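Taken from Swiss-Prot, the feature signal peptide applies to 1-20. Among the features that Swiss-Prot reports, domain 'Disintegrin' is placed at 26-112. Here Swiss-Prot flags 53-59, 67-76, 72-97, 73-102, 85-104 as disulfide bond, drawing on sequence analysis.
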């Protein structure tokens, strides 16, 4: 398939800014913003609404933002250490955020082969 080139700004169309979005698969969610010396991959569905973790002009993560999504991410910040991110079921134990990642780490005090460990520990997206 021939890539389609659209001229637009990160999340909205403005005539004064000329960033390029390349749709390689024809799917609006599979795209990259191309700059002279850098490429920013935007979150899935970013074309539909402005993402609060990204600068709408530069399409880059905002300064001092930790994460984009995940069970231990809220408003682009890691949740504080000790916040429950996965409730216990049965005799199981809660999983807690560690304040350093957007993922929900497995409680280290759980048994090695926990029958309640489904689905797998939840993952999120960290901003780099």
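Placed from the backbone N, Cα and C atoms, the Cβ positions cover glycine too.
DSSP assigns residue 76 (disulfide bond) to coil in the three-state reduction, placing it in neither a helix nor a strand. Residue 97 (disulfide bond) is 6 Å away from residue 85 (disulfide bond) when you measure Cα to Cα. Neighbours of residue 104 (disulfide bond), defined as other CB atoms within 10 A of its CB across all chains, total 23.
Distance noted between the C-alpha atoms of residue 97 (disulfide bond) and residue 104 (disulfide bond) is 6 Å. Comparing C-alpha positions, residue 76 (disulfide bond) sits nearest to 53 among the disulfide-bonded residues 53, 59, 102, 104. Using a 10 Å Cα-Cα cut-off from residue 73 (disulfide bond), the disulfide-bonded residues that qualify among 53, 59, 67 are 67. Cα to Cα, residue 59 (disulfide bond) and residue 67 (disulfide bond) are separated by 15 Å. Using a 10 Å Cα-Cα cut-off from residue 72 (disulfide bond), the disulfide-bonded residues that qualify among 53, 102, 104 are 102, 104. Every protein chain shown contributes to the tally, and the Cβ of residue 73 (disulfide bond) ends up with 24 other Cβ atoms within 10 Å.
In this structure, the C-alpha atom of residue 102 (disulfide bond) lies 14 angstrom from that of residue 53 (disulfide bond).
Confidence annotation: the domain 'Disintegrin' (26-112) carries a mean pLDDT of 74 in the model.
On a Cα basis, residue 53 (disulfide bond) lies 8 Å away from residue 67 (disulfide bond).
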